[in-house]
């Protein structure tokens with residue numbers, strides 16, 4: 001019989017990629033998911049004879065492929081698939097060609113593979129032929145894979161959707177920011193593996209690192225460390241100052257693609273700059289691309305509790321100024337992290353499902369700046385002993401806030417002890433909708449409920465240890481109450497606060513009975529102060545002060561108007577446009593103090609985006625962008641950036657010059673969509689005065705020539 005020679009191979013990447021939900025990455029290369037068969041057609045010099053011709057398949061990945069490490073597999077042609085192992089089966093012979101089904105186990109190492117065959121006849125020598133390369137990814141469609149998610153609706157959202165929203169701002173003024181994840185853009189999959197190959201684990205022991213890429217917990221931890229650049233050549237460099245002149249302000253990114261491409265193009269130099277929502281959004285792109293269901297989650301009033309004592313102390317002086325502190329503990333206005341969906345075989349039963357991963361560099365875990373995976377169920381139940389980093393995340397959503405009055409450098413009295421002011425409005429994008437979904441209840445029982453306090457005490461005892469858990473402080477926590485006050489103070493906004501306008505507030509005071517002054521009138525001096533509130537929870541120096549003196553009879557209530565002029569805050573705010581107005585009321589009869597706080601989030605001008613006709617692949621789509629400057633000042637050096645996977649290749653940038661107060665800017669341009677299906681156009685206009693005016697438009701693109 002003539003020697004069997006391989007003449008050609010068809011990897012059938014178009015068919016396979018479609019069946020493996022990877023066609024969005026393109027069909028030029030074979031990209032498949034583990035635990036699911038894919039098909040090849042091999043063409044030989046003569047018909048294949050199964051009794052004489054012996055074919056051995058060899059699949060290899062990583063720098064030193066080895067069967068022991070799981071980075072090399074050899075397998076023979078068999079009639080039936082032999083279970084959850086590498087196999088080639090279900091073959092059919094059609095004249096000189098052989099159609100064969102290849103199966104990869106659901107726990108295979110992910111990565112770039114080379115595939116070859118060795119052909120031999122009888123006892124003769126074998127000849128090796130390369131078949132090509134393929135990329136193997138996690139498979140959330142496979143019941144055998146650790147990332148299995150049994151819902152097509154959820155898979156469309158958490159794997160296939162390439163855009164979404166990040167929630168920012170303040171618990172009372174949550175703003176949604178559109179973000180272009182772009183996980184299926186052409187080179188993103190290669191950049192994802194480049195990220196894994198630049199990690200410290202890989203550089204230390206490449207073969208071992210690759211062998212552990214079958215484990216989603218391991219891969220998540222590596223990615224979480226590599227998105228920040230604190231101890232490696234990670235993707236993003238953090239910057240929480242106000243000077244972004246050496247890079248791009250974190251507020252000016254529209255999506256992940258430009259960041260990942262820049263990191264790769266510059267040989268792995270960290271991209272400047274990121275803050276929490278940028279880190280988490282880029283991690284979402286990488287994990288969705290690798291096949292792990294992932295979402296971006298915002299936690300409002302998020303504690304950073306370094307000493308793990310479950311309390312954050314903040315300090316005010318008698319003039320109501322919030323003071324900076326040397327302590328590293330703080331309360332972020334909001335903090336953004338990821339949740340990835342997986343089975344936790346490393347934990348006892350009951351902790352599968354969503355896991356917190358946080359790529360923002362806050363503190364080290366096993367020596368590196370990474371965080372998680374921490375089971376959301378473990379956080380809710382206070383099981384802070386479970387891996388990884390559960391105590392840190394537990395404190396982010398559950399710590400208590402103690403507010404102190406400081407005088408002569410000493411803490412003089414507790415103004416407030418808030419058991420429910422941290423971990424508010426935990427939010428993510430709703431499945432299949434542009435709405436926000438609150439997922440606070442999956443992190444904790446209702447605030448103040450018996451279950452919530454019981455979980456808090458359980459976690460406290462685990463985190464503080466048996467000695468410290470008997471401190472009077474914990475008794476205070478258990479009681480939850482503070483001494484009664486002779487009056488109740490509240491600050492309200494008299495109208496919607498807009499950037500560039502004077503701010504009108506109302507102080508509402510009601511005299512209530514208390515043990516020290518059961519009936520008589522009281523004299524109050526209320527000192528007010530306004531400061532720019534930073535994203536990290538700190539403040540800048542006051543730009544407005546005011547004093548109100550009043551007598552308040554028993555049972556009476558009164559309102560006092562306050563005006564905070566635009567001229568006071570005009571050049572004093574950070575890009576976040578947040579103001580904290582604080583007031584401390586001193587009761588003259590007793591010298592005791594009461595605190596009232598109001599955070600104000602200023603509305604930027606509104607952007608509108610209209611599309612004139614139906615969107616179709618390859619056909620011009622006219623887009624109209626309109627911006628009216630509602631401020632009292634001109635917007636100078638305006639620049640616009642448009643982005644949207646499947647609508648625009650990369651970005652479109654335009655300089656727009658100056659927009660005078662009260663005037664309207666109208667821009668028209670044509671896009672040529674490249675992919676069908678649901679898409680999102682993101683538009684950012686930035687200026688010297690307002691760094692970010694964002695808008696988006698959902699666009700459904702039809703296939704070219706569709707009726």
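Using the three backbone atoms N, Cα and C, a Cβ is placed for every residue, glycine included.
Feature annotation from TrEMBL assigns domain 'Transglutaminase-like' to 268-361. The annotation active site is assigned in TrEMBL to 276, 335, 358. As annotated by TrEMBL, Ca(2+) binding site applies to 398, 400, 447, 452.
Sequence features, as recorded in TrEMBL, placed on the structure.
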residue	record	Cβ neighbours (10 Å)
276	active site	27
335	active site	26
358	active site	30
398	Ca(2+) binding site	26
400	Ca(2+) binding site	24
447	Ca(2+) binding site	15
452	Ca(2+) binding site	17
Inter-residue Cα distance where the pair is residue 335 (active site) and residue 400 (Ca(2+) binding site), in Å: 17
Residue 335 (active site) and residue 398 (Ca(2+) binding site), Cα-Cα, nearest whole angstrom: 14
Top Cα neighbour of residue 276 (active site) in the set of recorded positions 335, 358, 447, 452: 335
C-alpha spacing of residue 335 (active site) relative to residue 452 (Ca(2+) binding site), in angstrom: 22
Additional residues surrounding Ca(2+), by Cβ distance to the 398, 400, 447, 452 centre under 8 Å: 419, 420, 422, 423, 444, 448, 453, 456
Cα distance (Å, whole number) from residue 447 (Ca(2+) binding site) to residue 358 (active site): 24
Summary of DSSP states over the domain 'Transglutaminase-like' (268-361), given as helix, strand and coil counts: 15 helix, 40 strand, 39 coil
Separation of alpha carbons, residue 335 (active site) and residue 447 (Ca(2+) binding site) (Å): 20
